[in-house]
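*Asks:* TrEMBL lists 11-24, 70-86 with the feature compositional bias 'Polar residues'. TrEMBL lists 1-24, 45-86 with the feature region 'Disordered'. Annotation source TrEMBL lists transmembrane segment at 221-239, 251-271, 283-304, 316-339, 427-447, 459-478, 490-509, 521-541, 553-574.
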């Protein structure tokens, strides 16, 4: 057995060397850590201890089965069946830490790797670089408590902001249930055009908004967005006809565009790649929660028809717009720039202690070191933008985003009009949409947790189009559609309860981007793909095809089958790409691999030592 001094010096808690330099969080600094590690290696020369094993200076271990997904660099436990790697194991020293001292696989355990990334963080002036500490350790209990705090402080408010977006983005469907189209002299096609104008404006604003957010910081840009679009949302209470309807639709799209990828980028500062999809599932659960809340609000607000001579839908736009304005103004004080920037004049104590700040930052960096390769207020250069745009390995995910959400969109968009056509009253219609929202929440969370548990994205996400397939088939071919009032309602509710795979896809896209610059652009491009699909979906149900929409449902059926095929092809593509990269990597000698890690100018997923998640 080795002496306790080796283990203690390595973890920065040496009793035999009380002069070891400690940082504010009570852990060794990078300089001290590297010095201690070198000293241990020198002391081990000539003994029975094998030479030091070198940790790859890569973003993740190279393996076709994506082993990083089975471990967590930021906790002191490893997945079942995967041994926890501590610094002494890297030295070939037999030893054992106590439960409090266990260390997970740490990409910075190698001194050269730690020094390399320290240089990267210093050069880009990464805002959290002063708490980067390769020797930092923490317990499972500490991490669980900290993640719980992050959920309350970060994730919860992200959901509140998303609520503000969904209120103003989706209340149009409730407004039309109050005869808004007739009041303004609009047709079904005008309604389609308005939705398309919104979606196209939203689409074109995605990338510029994301680039602006990267330059200013999400903590500044997101509240500005919300305040600006809330004024437009409020102004809808004064609509007078077709032109004003189209103008407000366009302005809302331009101001709301980019909000979702902006918020996803901000969340990625606090959560690891394994944690992010689950938080995004909570995030998109808000979509259904908002549907429930706004349906109940619509039931009350639409009863105001006649008050002050206004229609009920005007009161709906006015009051819900003020709700979003309140959330936007409050967000100015609720979104910190990073984990180390929570202390301000209105929050003098901040959210975290010095040690908690260090844990938040280091657990994220150990999961993905590239998350610190840009400052959070650093604009993308044209070169990095072009590299991100031409990263063809992410294109399969954009293709999925383009088609995967089309089949269920027209029924969801037209749900209130369809229910009114079945003979339900305005108020009953809004209440009848609630069951689908509840089941949608449950299925969304179950699907995302299944993906995390199985460490599988493609074959779990494909459950969504498989669920939708029989429902669309029945809408097209069942002779009882519209003749059987409650049967048709049940079919629509089953369709709209589908397990939503959007959270998995957004997290998948973020993980396969593998650096901040690409992640910024890919989030926008993926969402643009989804919005492009929404533009197409707005024209599936046409005036001359109602009320059964046979032609439209046939189109949806074909697109749904294409979606299933795309999920399977994407799985095969990433498996193949990983195999080709692994073969090329393994053909290099150890010296060539080390030289590649140190000197390659390739970034993100283009590196040979990166493996795609699938």
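Each Cβ is built from the backbone N, Cα and C atoms, and glycine gets one as well.
Neighbours and distances for these, please.
*Replies:* Residues 150, 154-155, 158, 161-162, 165, 168-169, 197-210, 212-214, 218-219, 221-222, 225-226, 228-229, 232-233, 279-280, 283, 335, 338-339, 360, 364, 371, 376, 506, 510, 519-520, 523-524, 526-527 of the same chain lie 6 or more positions beyond the ends of the transmembrane segment (251-271) yet place their CB under 8 Å from a CB of it.
Residues 127-128, 157, 160-161, 163-165, 167-168, 171, 174-175, 178, 217-219, 222-223, 225-227, 229-231, 233-237, 239, 266, 269-270, 294, 297-298, 301-302, 346-347, 351-352, 357, 360-361, 376-377 of the same chain lie 6+ residues outside the transmembrane segment (316-339) yet bring a C-beta within less than 8 angstroms of a C-beta in it.
Outside the transmembrane segment (427-447), and at least 6 residues removed from its termini, the chain residues within Cβ reach (under 8 Å) are 174, 177, 281-282, 284-285, 287-289, 291-292, 295-296, 298-299, 302-303, 415-416, 419-420, 460-461, 463-464, 489, 492-493, 496-501, 503-504.
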*Asks:* Relative to the transmembrane segment (490-509), which of 221-239, 283-304, 459-478, 521-541, 553-574 accounts for the most Cβ pairs at distances under 8 Å?
*Replies:* 459-478
*Asks:* Does the transmembrane segment (459-478) come close to the transmembrane segment (553-574), meaning at least 3 CB pairs under 8 Å for residues 6 or more apart?
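*Replies:* Between the transmembrane segment (553-574) and the transmembrane segment (459-478), contact is present.
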